[in-house]
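A short write-up of the structure that comes next.
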Ligand SMILES: Nc1nc2c(ncn2[C@@H]2O[C@H](COP(=O)(O)OP(=O)(O)OP(=O)(O)O)[C@@H](O)[C@H]2O)c(=O)[nH]1
Ligand SMILES: [Zn+2]
């Protein structure tokens, strides 16, 4: 609903909040939603911190934003979208802990999961409005447990004519993740595994802004040279902020921000991925122990936390190019990658 630009009602006991996504609201939708009354803006904590809005007394991820006068769509858009904020004069914003905190935090989670700009227009719901979704269901929605093997098939590829691909899907509407099985691995032994997060720009178009394309190619080669293993292709585009937000991050990087600060400006954390889905996929395949091809200590920690034995971290080094030098420096200096 949120992604279709329609209102969603989030409820928790007595509290019920109607929400629409700022980035998808047209003036007509905004007017119909406000219906002559006041609306508030719910923004993410990281976004308001990037706007240096003074967050001292506020806890949690969602921040309620009001203005002296009524909230307008233009103000909401300028607060929500870092590509606009320099071009629009913002009025003085007042920030507060959101009223019904649980529904507000659930709303923020929903916007992020939907890979929208994390900014919502909200107002109390009327008694008859729907559809309704419970805050608890949003906050406890956990994709990994619902994940199942959908199908497996042979997928001859350039590197390995005997390769196989397995598809995994969970809750309705959620992404389909895949596992590429290369060579002839023995899953009862520690298996050489690469967790690759989706990167349309790097994987498909050969972008030089990152190292994803060459990393995927090197991972396949390394796995085949070792006799076999698995590449999990995780649908976590842009470290889970989604393709649209990654493109916004690239536009901000053109204005001088690094990868991490660009994410904060859009309203997300530095890296919103977790590896519970990956652990679940491995377990469904019968893999309990891995040798993990990565430079990212968070991947090792994430799999271990989810109960997979990581017996070894195998580095995956790629030569830099002039376009991705800063990206790789940021990985090393701000994200703790062992490059
Ligand atoms: N938000 C954001 N995501 C990016 C940017 N550049 C690349 N990405 C994403 O970063 C992810 C890179 O994933 P991986 O290569 O699997 O992981 P990694 O954290 O680099 O760790 P390694 O295992 O050492 O490669 C992909 O989802 C890319 O789409 C960027 O500038 N901003
Ligand atoms: Zn990439």
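Placement of Cβ uses the backbone N, Cα and C atoms for every residue, glycine included.
Listed in TrEMBL:
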- 153-315: domain 'GTP cyclohydrolase II' (DOMAIN)
- 194, 195, 196, 197, 198, 215, 237, 238, 239, 259, 294, 299: GTP binding site (BINDING)
- 199, 210, 212: Zn(2+) binding site (BINDING)
- 271: active site, proton acceptor (ACT_SITE)
- 273: active site, nucleophile (ACT_SITE)
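If you take the C-beta of residue 198 (GTP binding site) and look for same-chain residues 6 or more apart in sequence within under 8 angstroms, you find 233, 234, 235, 236, 237. Other C-beta atoms found within 10 angstroms of the C-beta of residue 199 (Zn(2+) binding site) number 23, with every protein chain shown included. Taking CA atoms as the reference points, residue 210 (Zn(2+) binding site) and residue 271 (active site, proton acceptor) are 15 Å apart.
The recorded positions near residue 196 (GTP binding site), taking a 10 angstroms Cα-Cα threshold over the set 212, 271, 273, are 212. Proximity of the recorded positions 196, 210, 212, 273, 294 to ligand 2, judged by a Cβ distance under 6 angstroms to any of its atoms, singles out 210, 212 in sequence order.
Counting every protein chain shown, 20 other Cβ atoms lie within 10 Å of the Cβ of residue 237 (GTP binding site). When pLDDT is averaged over the domain 'GTP cyclohydrolase II' (153-315), the result is 96. Just so you know, the Cβ of residue 210 (Zn(2+) binding site) picks up 21 other Cβ atoms within 10 Å once every protein chain is counted. Neighbour density around each Cβ, counted as other Cβ atoms within 10 Å, peaks among the binding-site residues 194, 196, 239 at 194. A distance of 12 Å separates the Cα atom of residue 194 (GTP binding site) from that of residue 212 (Zn(2+) binding site).
Under 8 Å, Cβ to Cβ, and six or more positions away along its own chain, the residue listed as 'active site, proton acceptor' finds 239, 240, 263, 298, 335.
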